Every structure is written in structure tokens, then in C-alpha cells.
Amino acid sequence: MQGFRSFVWTAVSYQLKDKLKLSPSASQFVSSVAFFPWSIKPLYGIVSDCISIRGRKRIPYLIIATILSLVPWPILGLNATFRNSSWHLMVLLTAQNLGTAMADVVVDAMIAEAVRSEKASFAGDLQSLSWFSMALGGICGSLLGGYALSNLPIDKIFLLFTVLPAIQLFSCVLVEETPVSSGDVPTSEDLGDSHDMNGNSPSDEDSYFMRKSSSTISKRKKSKKRGKKKRFSNKSQFVEKENAGRLGWYYSLKSATYSLLQAFRKPIILRPMAWFFLAHITFPNLSTVMFYYQTEFLNLDAAFLGTTRVIGWLGLMLGTFVYNRHLKTMKLRTILLYTHIGLSLLSLLDIVLVSRMNIAYGITDKHMVLVGSALADAINQFKFMPFLILSGQLCPPGIEGTLFALFMSINNFGSTVGSFVGAGLASFLNLSSGSFDNLLLGIAIQVACIYIPVLFLFLIPKEATGVSA
């Protein structure tokens with residue numbers, strides 16, 4: 001579902017640019033607002049961890065999330081007014097991302113629960129299968145998205161994409177989930193003995209009906225009194241159950257928040273997350289500058305750049321396969337060390353491309369870009385897979401969704417900070433459209449910054465592998 005989203009989001013980009021005629025800044029504003037739900041993923045985790053629906057904490061939320069991600073597409077496909085209004089489009093896309101982000105959190109929590117189970121040795125396989133599936137969807141979405149845009153109107157693409165979330169909705173029925181114990185939520189018995197309090201115990205009723213009344217008036221009075229007591233008892237028990245449910249949610253949310261803070265303060269959790277965050281913010285991301293360089297200086301067309309994205313997905317699948325097959329039993333420190341060495345060597349390909357050394361050896365720019373794209377996604381996956389697996393292993397029971405979502409938010413926030421650092425470096429070096437004189441220096445600074453996180457690898461647990469933390 002997440003990978004194949006490239007099929008429809010390419011059409012969204014063209015809708016904003018060609019149909020609505022939005023400027024790049026306006027288009028970026030609409031996209032940023034629409035993707036905001038991904039920035040508050042821990043909120044979905046806290047809710048799904050603490051508030052069960054009919055005794056279940058995962059599947060009901062997965063169904064709600066899938067419906068949210070499904071409904072906007074037929075509306076956009078059938079209603080031209082909503083489709084051609086930037087505000088309506090933004091609201092519907094925000095709702096769609098809300099559903100997709102919520103589903104992502106729920107699935108992450110389910111994977112984290114499986115990683116913590118007695119079959120933890122399957123952790124690497126489970127994470128690998130998840131990312132392999134997303135990569136496969138990304139390849140299909142990228143290939144079919146370009147073909148669809150060439151042969152179908154955008155409204156038909158929106159309608160066609162509804163098939164996938166509909167299949168996801170149906171698949172929710174096939175997923176089994178063990179209901180949470182009723183003891184997890186306080187009941188009326190936990191709050192007090194309502195039978196004794198109301199004077200309506202079964203033994204009282206039996207003795208009442210066995211006694212004979214010597215007077216009809218006395219019998220009526222007693223019957224009337226018992227009717228009042230019974231109505232009061234039923235109403236009281238209903239209020240107690242309702243209050244108990246609310247108290248259960250309140251104490252569950254309070255406990256989860258406290259557990260989250262306590263868990264995150266533990267060095268075994270704080271130190272690895274600090275390393276992964278540091279690895280992002282110390283690397284100035286110049287991907288946007290390279291995109292401008294490839295399109296303006298190398299004159300690579302959009303169709304070819306779309307092909308490089310498919311190659312990138314293939315590289316991600318290759319990286320996932322290699323990690324699962326050969327690296328998951330290695331120590332994470334060793335994997336991360338070699339990954340950063342590989343990333344530094346990969347940056348040398350950019351130096352060769354920018355310096356035009358490849359032309360001297362008869363290697364075309366397209367081949368350089370294709371190889372670089374495939375290797376970049378593959379090597380980066382060697383760093384991301386340890387993050388996913390270590391995050392799943394560190395999640396304590398009961399707050400899997402919340403803590404795992406917080407881990408992912410930290411990772412995403414680190415990437416955002418790295419992009420701002422890259423933008424600052426580009427501004428400092430006067431790298432802009434049509435001006436790439438200092439791009440070689442920028443790449444050289446990137447290579448040097450890659451090794452900064454290596455100095456802090458002591459933050460990663462020494463004996464941690466892809467199988468055990």
C-alpha cells in the first residue's frame with residue numbers, strides 16, 4: 001500500500017502543477033499540510049495502545065485507518081469541484097494521509113509485538129518482508145504510474161487507485177488478534193461491591209419471595225420498595241460501568257505516557273536513538289541540489305529520472321535481501337561502521353560525475369546516475385534495517401505502538417534537520433540553479449561529515465545484532 005502510493009501521488013503532483021496551475025511554493029504548501037499527519041505518529045500509537053475497541057487494540061484501528069485512506073480517492077475521482085479546488089484537495093489528501101499514517105503505526109506495533117515474542121529470531125525476516133513488500137509496491141507504482149499518466153485522465157487514476165485500499169480493507173478480516181483481557185479495564189467489582197451497597201443481593205431476593213405476607217397492603221409496599229431498589233441498582237451499575245471504562249482509559253493513557261517517558265529515559269533506549277538522530281543531523285543533504293544539477297546541467301529528462309527511482313527501489317530490495325541473508329547475525333556496530341564507509345565511497349561517484357571524469361573514461365552520465373541511485377538505496381537500507389530491528393527489540397510491553405512511532409518520528413525529524421543543514425550548506429556555498437561551481441566542495445564536506453557518527457558508535461549496544469539486542 002505504501003510503496004504503490006507512488007502510482008497516485010505522481011498524478012497528484014501533476015494535478016497541482018498542470019490543472020490547478022499552482023506555483024512551486026503553493027504546491028509545496030499543499031503537500032506539506034497534506035503530509036502533516038505523519039508528524040504526529042506517536043499520538044496514534046498512544047491511542048491504539050491504551051484504548052481498545054471491543055477488546056481489540058489493533059484491527060479496529062487498522063479498519064478505521066483504511067477507510068480514511070480509501071474514501072478521499074473516489075470523491076476526488078468523481079467530484080470535479082473538489083478535485084479542482086486546492087483547499088478541498090488539501091483537506092481530502094490530509095485525511096488520506098491521516099489514514100495511511102495511522103495504519104503505518106498500527107502495523108509497526110504489530111511487527112514490534114512479533115519481534116518481542118518467543119519467535120524473536122524471526123525479527124530480521126519480518127522486517128525484511130515488510131520492506132521488501134513496500135519496495136515491490138514502489139516499483140510497480142512507479143512503472144505503472146508513468147504509463148497511466150500517459151494514457152488516462154487524472155480522475156480515472158484516482159478512481160483506479162481505490163482498488164488497493166479496498167483490498168487492504170478486506171485483508172483486515174484475515175488478520176487474527178487476541179482480545180485483551182477484561183481485567184485490563186477496571187470493573188464495578190474493582191470500584192466496590194455494588195450488591196452490598198444497594199442491598200440487592202441474590203440471597204435477599206430468594207428470602208423475600210419465600211416469605212408469606214400476612215397483609216395485602218404490606219405486600220404492595222414491599223413490592224413497590226423493591227421495584228425502586230431494582231431500578232436504582234440497574235442505573236447505578238450502568239453508571240459504574242461507564243465510569244469504570246472512562247477511568248480505565250484515563251489510567252491507561254496516564255500509565256502509557258509515564259511508561260513512555262520512563263522507557264525513553266533508559267540508557268539502553270536513549271543512547272541508540274541518540275546515535276541514529278545524530279547520524280541524520282550531521283549529514284548535510286544535498287539531494288535537491290543534485291536534482292537541479294542532473295536536470296539543468298546534465299539535461300536528464302523526467303522519464304529517465306523516474307526510471308532511476310525504480311532502480312532505487314530495486315536497490316532497496318537488494319539491500320534488504322543481503323541484510324537478511326548475510327548481515328542480520330552480525331553486530332550492529334560492525335554493520336553501521338561498514339555502511340558509513342560504503343556511503344563515503346558512494347559519494348566518490350558523485351565527485352566523479354560532477355568533475356566529469358566519467359566522460360574521459362567513456363562512461364555516460366545516465367549510467368553513473370543509475371548505478372549511484374541503486375547503490376545509495378541499497379547501502380542506506382543497511383543502516384535503516386538495524387534501526388527498525390533495534391527499535392522493535394527495545395519496545396517494552398504495552399506501549400509498542402507509541403514507542404515505535406516515537407522512534408520513527410525521531411528518525412524522520414533527524415532527516416528533516418539534515419535537509420535543513422544541507423540547505424544551509426548550499427546557501428553558504430552559493431549553490432543554486434545554474435550555479436554549481438562549488439558543488440565539488442559541498443560533496444567533499446559531505447564525505448567528511450559521514451564519519452562523524454562513527455565516532456559515537458559506542459552509543460549502540462555492544463553485543464546487539466539483528467537477532468538479539
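Glycine residues also receive a Cβ, built from the backbone N, Cα and C atoms like all the rest.
Pulled from TrEMBL:
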type	residues	note
TRANSMEM	59-75	transmembrane segment
TRANSMEM	128-150	transmembrane segment
REGION	184-234	region 'Disordered'
COMPBIAS	218-233	compositional bias 'Basic residues'
TRANSMEM	274-294	transmembrane segment
TRANSMEM	300-323	transmembrane segment
TRANSMEM	335-355	transmembrane segment
TRANSMEM	367-390	transmembrane segment
TRANSMEM	402-427	transmembrane segment
TRANSMEM	439-460	transmembrane segment
### Query
Considering only Cβ pairs under 8 Å, which range in 274-294, 300-323, 335-355 makes the most contacts with the transmembrane segment (128-150)?
300-323
### Message
For the transmembrane segment (274-294), give me same-chain residues lying six or more residues beyond its boundaries with a C-beta closer than 8 angstroms to one of its C-beta atoms, as numbers and ranges.
### Response
300, 305, 350, 354, 365, 369, 383, 387, 410-411, 413-415, 417-419, 421-426, 431-433, 436, 439, 442-443, 445-446, 449-450, 452-453, 456-457, 459-460
### Query
Between the transmembrane segment (59-75) and the transmembrane segment (335-355), do 3 or more CB pairs sit under 8 angstroms, pairs being 6 or more residues apart?
no
### Query
Residues sitting near the transmembrane segment (367-390): Cβ under 8 Å, six or more positions beyond its termini, same chain?
115, 123-124, 127-128, 131, 272, 276, 279, 294, 298, 300, 304, 307-309, 311-316, 318-320, 322-323, 327-328, 332, 335-336, 338-340, 342-343, 346, 349-350, 352-353, 358, 407, 411, 460-461, 464, 466, 469
### Distant-in-sequence neighbours of the transmembrane segment (300-323), which means Cβ under 8 A and at least six residues beyond its ends
3, 6, 124, 128, 131-132, 135-136, 138-139, 142-143, 146, 291, 294, 335, 365-366, 369-370, 373-382, 385, 466
